[in-house]
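Listed features, source Swiss-Prot:
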type: DOMAIN; residues: 104-287; note: domain 'ATP-grasp'
type: BINDING; residues: LYS141, GLU178, TYR179, ASP187, ARG211, SER212, ASN213; note: ATP binding site
type: BINDING; residues: ASP248, GLU260; note: Mn(2+) 1 binding site
type: BINDING; residues: ASP248, GLU260; note: Mg(2+) 1 binding site
type: BINDING; residues: GLU260, ASN262; note: Mn(2+) 2 binding site
type: BINDING; residues: GLU260, ASN262; note: Mg(2+) 2 binding site
Amino acid sequence: MKIAVLSRNPRLYSTRRLVEAGIERGHEMVVIDTLRAYMNIASHKPQIHYRGKPLEGFDAVIPRIGASVTFYGCAVLRQFEMMGVFPLNESVAIARSRDKLRSLQLLSRRGIGLPVTGFAHSPDDIPDLIQMVNGAPLVIKVLEGTQGIGVVLCETATAAESVIEAFMGLKQDIMVQEYIKEAGGADIRCFVVGDKVIASMKRQAKPGEFRSNLHRGGSASLIKITPEERMTALRAAKVMGLSVAGVDILRSNHGPLVMEVNSSPGLEGIEVTTSKDVAGMIIEYLEKNSGPHMTRTKGKG
């Protein structure tokens with residue numbers, strides 16, 4: 001197979017591993033800088049050009065689209081789909097997952113466990129918003145944030161009001177969530193490929209920190225997930241329409257709660273922690289499922 005990897009940086013661990021795994025299994029792997037691909041949206045003959053030449057003959061495409069280039073990246077991926085190239089994750093599902101609020105709305109409609117979450121526009125509604133998520137302590141999240149950036153833990157209602165007012169004053173969209181104290185600064189990353197959770201790890205925040213992201217100095221360890229956690233991760237990925245996803249789950253007193261569904265989960269943390277060939281499993285999924293004109297929109301957006 002000829003497989004494209006949409007990635008800004010061929011030296012990133014995840015990109016390198018996917019290329020290695022593909023070559024090991026006998027495929028031709030081509031890394032394409034997402035922002036250097038440009039499109040000819042012609043009737044009956046959609047094309048993508050790259051460094052002066054049309055891209056042709058691809059069987060599958062693996063999108064590794066960073067949050068900052070979501071709009072353009074999804075447009076390039078959509079053009080691949082129009083050309084009949086099989087996407088590991090579809091453009092519509094990636095766009096859906098990048099909108100944190102929409103993601104939670106879709107998951108809640110399907111009855112998947114979530115932390116109580118509030119969203120408001122007017123400063124007049126802040127006191128009621130805080131009550132809605134069971135008061136302080138609570139967590140405030142910027143909707144566009146990634147890797148734990150733009151996430152604030154407010155210990156008191158007064159602090160929460162000040163922070164929410166500040167964000168609103170900056171015209172920054174935020175959501176407010178209940179703080180799950182019993183999780184103890186830890187979450188579980190379940191790595192979903194197809195209809196299986198192929199690997200999972202526990203991420204623990206460093207002392208004095210509540211964000212467990214590895215980019216924020218959190219540590220990762222092996223964990224055995226429960227059948228309920230496994231089912232929650234699979235259902236969350238399915239609702240989002242993602243074939244490959246990193247589903248972040250908190251262990252609460254009332255069962256597993258989904259924090260986020262990541263459409264471009266990093267491979268380094270999960271491979272190093274579990275010693276599993278996750279990249280190889282992703283390529284294997286493409287071998288089994290890809291075919292010309294197999295793009296079908298999944299999920300219920």
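Quick reminder: no glycine exception, Cβ is built from N, Cα and C everywhere.
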- According to DSSP, which of helix, strand or coil covers ASP187 (ATP binding site)? strand
- Among the binding-site residues listed as ASP248, GLU260, ASN262, the Cα nearest the Cα of SER212 (ATP binding site) belongs to ASP248
- Message: Quick check for the class: what is the C-alpha distance, in angstrom and rounded, between ASN262 (Mn(2+) 2 binding site) and ASP248 (Mn(2+) 1 binding site)?
- Response: 8
- Message: I need the CA-to-CA distance for ARG211 (ATP binding site) versus GLU260 (Mn(2+) 1 binding site), whole Å please.
- Response: 13
- Taking only the CA atoms, the spacing between ASP248 (Mn(2+) 1 binding site) and GLU178 (ATP binding site), expressed in whole angstrom, is 16
- Across all protein chains in the structure, which of the binding-site residues GLU178, ASP187, ASP248, GLU260 has the highest Cβ count within 10 Å? ASP187
- Message: If I take every residue in the domain 'ATP-grasp' (104-287) and average their pLDDT values, what number comes out?
- Response: 94
- Query: Taking just the CA atoms, what is the gap between TYR179 (ATP binding site) and GLU260 (Mn(2+) 1 binding site) in Å?
  - Reply: 15
